[in-house]
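Some features that TrEMBL has for this protein:
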BINDING   Glu120, Asp231  divalent metal cation 1 binding site
BINDING   His157, His183  divalent metal cation 2 binding site
Amino acid sequence: MKRVLAANITKMMKYIDIGANLTDPMYQGIYNGSAKHEPDLAHVLQRGWTGGLDKIIVTVGTLTDCEPTFDILKNDDRLYATVGCHPTRCGEFVSDPEGYLGSLCRHIENNRERVVAIGECGLDYDRLQFCAKDIQRMYFERQLELAGKYALPLFLHCRAAHDDFTEILHRNLDNLPRRGVVHTFDGTLEAAEALIADGFYIGINGCSLKTEQNLAVAAQIPDEWIMLETDSPWCEIRPSHAGARHVKSKYPTVKKKEKWEPSSLIAGRCEPVMISQVLEVLAGIKGKPVAELADQYYKNTLNMFFPKECA
């Protein structure tokens, strides 16, 4: 009887994945430039819907991501998108800043009902070999202008840059009416509290739950400020991660070169359906029921990205 009841509760839970990189070549069966199996994005999405996903926000990280992203969105009205430029790609602005921004604007305006955030944008000081700090800061701030112009929240990225990141956000708060979420958060509790104080949500995925220190921080973030994500095909919860001991749902996988079929999950490739595992880890470290947290995180995400559904 208890098992049946648990299964029914699981079926009632709904998720929104706030960050999935569905244009990644892995979902076309391509790994490091080599085709290993047939394109299987349709099967990946179907697994997600069957697993309780209600919506997925597809992450755009550069102008060239836009067209393939909106091609994917045409096929399913449960898919939405961000529009922006990842900090490691901000060098793309340099040759024609106004032209690049104008192109981002056109994609937003041409897909106004499906674009729910500006991003992925922010600062990444871990990978300065791709883009220098001054360029990142300049074009992060220019993208904040788009959030104000279109009254959209932000989908934010911060790596090893907390002080500059929060200073830029704080200085622009008056022009950011809908704030946003810092995705793949793996910082300190103090960093999370500073962001929350300015009205920003905290996005949690497998990379946020790798270490015991990560778990200690995530356990203390207030539930009303958390959103769930996978950052797929990246950021799966691996057996070596501290959070893995709290995972209940298992997804058997195959190697990409062997025994692939449409129902296969690929070893080392995260999928949106795995969002259930992120929830399970949070429930485990917080000592709370998964259904209670699922409901809270779902409401948080609706409030930020789909406010019309909360009216």
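Quick reminder: no glycine exception, Cβ is built from N, Cα and C everywhere.
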Neighbourhood of Asp231 (divalent metal cation 1 binding site) by C-beta distance under 8 A, where only residues 6 or more apart in the same chain count: Gly19, Ala20, Asn21, Thr59, His183, Thr184, Asn205, Gly206, Cys207, Cys270
Cα-Cα distance linking Glu120 (divalent metal cation 1 binding site) and His157 (divalent metal cation 2 binding site), given in Å to the nearest integer: 6
Lowest local Cβ density among His157, His183, which the record lists as binding-site residues, within 10 Å: His157
Close in space, distant in sequence - Glu120 (divalent metal cation 1 binding site), Cβ under 8 Å, 6 or more apart: Gly19, Thr59, Val60, Gly61, Thr82, Gly84, Cys85, His86, Phe155, Leu156, His157, His183
